[in-house]
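S.K.: Pasting the relevant annotations from TrEMBL:
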- C:31-52: transmembrane segment (TRANSMEM)
- C:72-96: transmembrane segment (TRANSMEM)
- C:73-278: domain 'ABC transmembrane type-1' (DOMAIN)
- C:108-128: transmembrane segment (TRANSMEM)
- C:162-181: transmembrane segment (TRANSMEM)
- C:218-241: transmembrane segment (TRANSMEM)
- C:261-279: transmembrane segment (TRANSMEM)
- C:309-330: transmembrane segment (TRANSMEM)
- C:350-374: transmembrane segment (TRANSMEM)
- C:351-557: domain 'ABC transmembrane type-1' (DOMAIN)
- C:395-412: transmembrane segment (TRANSMEM)
- C:432-452: transmembrane segment (TRANSMEM)
- C:494-518: transmembrane segment (TRANSMEM)
- C:538-557: transmembrane segment (TRANSMEM)
Amino acid sequence: MKLFSFILLTILSLPSFAKDDTVNIYSFRQAFLIEPILQQFTEQTGIKTKVVFAEKGLIERIKREGRYSPADVVLTSNFSKLLQLTDENLTQAFNDAAVNANIPAHFRDDNGHWVALTKRIRNIYAAKDRVAAPFELNYEDLAQAKFKGKICTRSGKHPYNLGLVASMIAHHGQAETKAWLLAVKNNLARKPQGNDRAQVKAISEGLCDVSLGNSYYFGKMLTDPAQKAWADAVHIVYPNQQNRGAHVNVSGAAIAKHAPNKQNAIKLIAFLASEQAQQAYSLLNFEYPVNPQVKPAPMVASWGEFKEDTLPLTQVAKNRPAALKLIDEVKFDL
Amino acid sequence: MSVLSVNNLSVSYHDKQIISGLNLQVQHGEIVALFGASGGGKSTILKAIAGLLDQVSGEIHIGDKLVLSNNINIAAEHRHTGLIFQDYALFPHLTVAENVAFGLHQLSRQQQQQKVTEMLTLIKMQEYAQHYPHQLSGGQQQRIAIVRALACEPTILLFDEAFSNIDPQLRFELITDIRNLLKAQKISALFVTHNQDEAFAFCDRIAVINQGRIEQVDTPEQLFSAPKTRYIAEFLGEGLWLQSQIQSNTLLQTPFGEATYSGSQNLAEYVGESAMIYLRPHQFTLTHDPHSQLQVHNERFIGECYESVFQWQQQSIKVKSAESFLHQTVKVEINAKISKVFI
Amino acid sequence: MSSFSQTNMPQQTGKPFIASLFIGLKQLKHLHISTFFIALLFATPLLSIAVEALAPNSETFAHIKQTVLADYIVNTCILALGVSALVICIGVPLAWLIAVCDFRFKRFFQWALVLPLAMPAYIVAYTYTDLLDYAGPIQVALRDWFGWQSASDYYFFDIRSLTGAIIVLALVLYPYVYLMVRAGFLEQQANLTHVARTLGYSPLRSFFKISIPVARNAIIASTALVLMESIADFATVKYFAVSTLTTAVYDTWLSYYDLAAAAKLSLIMVLGIFVLLYLERIQNGQKQTHNDAKLSAQKLTYQLTKKQSILAIGYCCLILTISFIIPLYILSDYAIDYFSQAWNADLFEITLNSLIIAGLSAAIAIVAALTLNFSLRVKPIKLHKTSLKLASSGYAIPGTVMAIGVLIPLAFLDNQINALADSLSLSPPGLVLSGSFIAIVLAHSIRFIAIANKGIEASYAKISPSLDMVAKSMGQPNRKVFSKVHLPLIRKSVLVAGLLIFVESMKELPAALLLRPFDFQTLPTHVFQYASTEQLEIAALGAIIIVIVGLVPLIIINRSIEQH
């Protein structure tokens, strides 16, 4: 029993996670993608950042860690994760004047639980030499018979595709969306696999003619010497420009319900919403800023002006479960 | 007619010569022992005959079939021998019946069954057909191993120390059973052993092997009484070398008095020369003699007699006698005819 | 409680490490309690998942059952059976060649053939995708040669498929079969084959009729490990877009947000594996394929002819090349070209992290496995038997599910500790268990303890019970019997198991990914973060370090088997 008490005492005397000069980040995004921006934050404020990245199971971890979780800020790569966090009661409201000034209200939670930080478009990538009138494409067109065996995409259940399908349901209803999904599935050149870049690579290799992919990957590929050739083979297409506009998703941030360093967390989010960070997001990660004062970086701007789908993100989130079921029903990934 | 004929057999292992220039014959229906000290390459000869070794040369006939020569080396599976090992080597994953039927794959299922029953009847083990080997005693396992080999009607059976794992009490019962079985079926066998009692009990003739060479092939009686070499004489049982003088064709003068010679060799031309004779403990007689210098200092009762030990010229001499002579002074005489002298 | 802590803490120095760990086993009662607690600890993930699965039925499970579950099950079965069949086809002939045949370069192949075990399957998957896909050197060369213009002009094997996954998994998992079956062949009595030969069976037929059936236990045990490993695999099948039951578990949990349904699916998988192993045991009940190896020290050896040697060398070369040399070559190529980008001081620290985690995982798993096996030996009662079984259940659980299974109880414990601190008005220490690398170590040792249990169980079976009785009759207490008799005799298999767990733990990704503390990387997470963004060239250096660190233990393992 002596030993047990000793261990217990040692544990109890360990330093706590609550410290004045740090902020703990749970991130769904690769740590090295946000590293440069976090560095700027530390330089400016003197607050150190600690990151744990995981794509899978991070929400479960926060949930199980409960009130002693060290998490201050949660960074997500899509809207549905933000919503899941708030739905599961893992976040807390915050209200910061700087954040409110920098981010338009429709990119913030009504109850102040989350903010969006960047916008990304679900683009169609089209082979430069094989697709006629690429810039007139709609998502709906992917169901056309002319694309038989010519479409590549990642798993239908990936959050990015789920968001798109959910928006289709919001616009067209379940039955029509199911028919569309089935037709797209039948047009696939290969089973859904890989990530968004791999689809562009496949187009450059002639395996398929069109693919779905987020906008920032285009910039990533163009600046990677090994991948530039892939991007050079395709047009980045903003779909549905003649009608409702291209589907938009957001990355965002929330403050964990039991954040030990809430003030630092707010400082970090305020920084991420500031012009400096928003510019960096656009410049380094090729995303669209949500801060209206910040113009997209030159490379991002060079892909052209486009029309966004104004469907509220909450509508997309609402249809997400239905989208997931449809994808299994048509066995999209099998 | 010889069933096995081995001529000038040489065997190497890892390029080291183990057996060289070995000759051996086994006649039809005969059981021959290959008898020698442990590690003398006996098992190697057996495996060479069975065709399980690579670096062999010489000539081997099994039955009327030439299985080994300069340009022939027939594989083990075509030599029609049957191997029986010390550890039985029953296939642990097969039942008794499946073990016995193992070599009968060319027969129909019904014929196989018939043969298995026939074989198990031979050794009175019909009721064990569906048992697995580990459920049997050692003796039972060895019986199965033997009929497994017999089932294939081999030209010759090869036994490798086949009885040394069996309990001593049961061993000779098993040996007698198997010998009777082989004799009844007129089956020839070659039996490798280092155990003299087993060799004597099981075999018609014994080939004594020393350092890869056969020194003598003879009946047990002949080997025992008239060994051809000193090695054989010593190997077949402990004894005492005595220097003696040849007096005539029938008389030898030994340190313990005169002894009669009854061997086949004509000693007439060696009269006057000295020769060595080998005497075993039962070939001496002790009598109490108060004037003798020799005193029995150690003795052991071994059932049918006493084994008394005394010192003579820095040698310990053992003598078997019917009564106890412990701590008595004794006179020693030779009670047996000498059938072999080493000149 | 106190006995439990004692058994796990070395108290005296100057004694052999493991022996001193057992110093607490002064009385059987303590052993009893330790066994119970260890079994409980090692079954916690399974139990917590079972508790999760008890949550009321949601419609998710029904929906998946209606739509995709059948496909997932079929894929899983094909994958598991395919990998099992392929590892037997690759591993058993190799084991036989090396154990029984004599040919040139055999000594080299004997250890070299173990090396693929150091390759994480997902890394082999990455490299082969790089090599075989459209832009890879092979297809480029073919297109140049035949003048084809695009992918539609010709057929080429698609590595990103179920078949591809089967091949890749088999290539890295066959060494299990090779190692265990080779040991089985080495133990086999030459006499069995000799008898078969004289009964008219050719070497080849004797191999099928005798060597294989007698080595059955080793073949089945090793294939069972491979089977579980391939069912639990996620990274490879995910990369190859093959949907298996593991995919279903992840989908229900991460897409449908339904941990209960995911837990149910995991339980079904684990139960399925238990049933499979149980059926095998029943069917094998009567036969006893191990025999007394003591009697015959003789080894079966076939000297191969020149022609046969060439075939044997060719076969060994082929397997070694595709399972190890080609992936390693591709990685080295990248590692050299991108060295300046990939190398940084962090990599050293990351390697150290991995080494510590792997070392601790192996040590904990070994100590636990020894305790469990020892209590079963001392008192072969049902409770101990069940303890051992239960503690081995982790192997069949996919890595991420295991991670959650570890997280749930540890986080619970952490919360209790913090609440205690609060009530004592101390400052709460935070998540000392669930948020530290202890959680990763625990997840790894629980996942891989089955390897140690299997090995130690097998080598305990070879120790005659009379040895225990002799030692006991000489007045030795249980712990002495353990340290003086058992440990020296099972030493080798303990070493082999420990090293295997070390190597597996070096490669294991999911637990570290989910459970790691802030700014903490292991080699697999480092490799994964680059490889998953199609930057294999930067990941290559880390991957090579994983392989190199794994080589040394594997060579030791191989050597200790050869000296059998």
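Positions of Cβ are set from backbone N, Cα and C atoms, glycine also.
Keep in mind that TrEMBL annotations are predicted by a computer and have not been checked by a curator.
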S.K.: Given the cut-off of 8 Å on Cβ pairs that are 6 or more apart in sequence, determine whether the transmembrane segment (C:309-330) and the transmembrane segment (C:108-128) share at least 3 such pairs.
M.R.: yes
S.K.: Which bits of the chain, at least 6 residues beyond where the transmembrane segment (C:350-374) starts or stops, bring a Cβ under 8 A of a Cβ in it?
M.R.: 7-8, 18, 21-22, 25, 31, 34-35, 38-39, 41-42, 384, 387-388, 391, 437, 440-442, 444-446, 448-449, 451-453, 456-457, 460, 482, 486, 494, 497-499, 501-503, 505-506, 512, 520-524, 526, 542, 545-546, 549
S.K.: Six or more residues out from either end of the transmembrane segment (C:395-412), which same-chain residues have a Cβ under 8 Å from its Cβ atoms?
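M.R.: Same-chain residues near the transmembrane segment (C:395-412) but 6 or more away: 44-46, 48-49, 52, 225, 228-229, 231-234, 246, 249-250, 253, 259, 262-263, 266, 269-270, 273, 431, 433-434, 438-439, 442-443, 446-451, 508-511, 513-515.
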S.K.: Between the transmembrane segment (C:261-279) and the transmembrane segment (C:494-518), do 3 or more CB pairs sit under 8 angstroms, pairs being 6 or more residues apart?
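M.R.: Taking Cβ pairs at least 6 residues apart, the transmembrane segment (C:261-279) and the transmembrane segment (C:494-518) are not in contact, as fewer than 3 fall under 8 Å.
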S.K.: Looking only at the recorded stretches C:31-52, C:72-96, C:108-128, C:218-241, C:261-279, which one has the largest tally of CB-CB distances under 8 Å to the transmembrane segment (C:432-452)?
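M.R.: Per the Cβ count, the answer is C:31-52.
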S.K.: Let me spell it out: take the transmembrane segment (C:31-52), skip the flanking residues so only those 6+ beyond its ends count, and list any with a Cβ under 8 Å from a Cβ in it.
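M.R.: Contacts of the transmembrane segment (C:31-52) (Cβ under 8 Å, skipping residues fewer than 6 from its ends): 3-4, 7, 24-25, 259-260, 262-263, 266-267, 270, 368, 371-372, 374-375, 378-379, 383-384, 386-388, 390-394, 397, 401-402, 404-406, 408-409, 443, 445-446, 449, 478.
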